[in-house]
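Novice: One structure follows; several queries about it will come next.
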Amino acid sequence: MSSFNATEYFEKAALLLVTPQCYNEFFIEYNFLHEQCIKALISKGLGLAIVAGSCMVKVPQILKILQNSSAEGVSFTSVLFDLYAVVAGVAYAYAKQFPFSAWGDALFLLIQSTIITALVLNYNFSSVSAVSFVVAFSGILFGLVGGFTSLEVLWSMQAVSAPIMFIGKLAQAYANYQNGSTGQLSAMMCFMLLFGSTARIYTSIQETGDPIIILIYSLATVGNGLLVSQFIYYYFKGASPSSSSSKAAGKKGGKKSAAKAKKS
């Protein structure tokens, strides 16, 4: 009968967060101030926290579309470009065998982005287009991660995804500007994406060192920051469809009452 070895289980658990070298520094040499190991530990913990948080980051957007039975104000171009960037990121990271903590959030964002794209197609176009998209996209995804696509092609897709993703963010910002509001876009989602992309710059530097990935998250931070600034601007301005209509009605009512006062 095997006895319970607490030290062995602790070592296995610790190695999920630190490398064997850092484990020796921390728990064998008791060197808790080792600079590189501290950075690696922070990066790994932050990466796992981002992965956990990414499970819910776009759920508010999905629920908002479903509750209102509308995708009004959600730019289809932005959604599609964002989906491309996430797909390219997942396929590239999977092929390069990066640590899951460095790209796991992209996998969950991929699932949620696919749902949002299908919902936008369903409400803005037709249910047939939504179903057709899901079927076609599933085939494309299988081709990318199933070993049928060379690493060179995946790298090119990843490199192209940087400007594509940024253009998508700008497209959503322009749609907000044209509508004078953020429509059905979820504020919670945008704030969470801003936090995640900002943190990912640090974790990507520590865990992958890949310049393309670092560039993508840097551009994503700028784009997400732009959308968040629009939410703040329209919130304080009070520019929503309901508030705009009430203001317009108030102005009309004021003009009518002024006209009646002049007549009397």
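Glycine is no exception: its Cβ is also placed from the backbone N, Cα and C atoms.
Grabbed the feature section from TrEMBL, which reads as follows:
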type     : residues : note
COMPBIAS : 249-264  : compositional bias 'Basic residues'
REGION   : 240-264  : region 'Disordered'
TRANSMEM : 73-94    : transmembrane segment
TRANSMEM : 100-121  : transmembrane segment
TRANSMEM : 128-147  : transmembrane segment
TRANSMEM : 183-202  : transmembrane segment
TRANSMEM : 214-236  : transmembrane segment
Novice: Does the transmembrane segment (73-94) come close to the transmembrane segment (128-147), meaning at least 3 CB pairs under 8 Å for residues 6 or more apart?
Specialist: yes
Novice: Taking contact to mean 3 or more CB pairs closer than 8 A (sequence separation of 6 or more), are the transmembrane segment (100-121) and the transmembrane segment (73-94) in contact?
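Specialist: Between the transmembrane segment (100-121) and the transmembrane segment (73-94), contact is present.
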Novice: So what's near the transmembrane segment (73-94) in sequence-distant terms, Cβ-Cβ under 8 Å and 6+ beyond its ends?
Specialist: 61, 65, 102-103, 106-107, 109-110, 113-114, 116-117, 120-121, 124, 140-141, 144-145, 149, 154-155, 157-158, 160-162, 164-165, 167-169, 171-172, 174-176, 179, 181-185, 208, 213, 216, 220
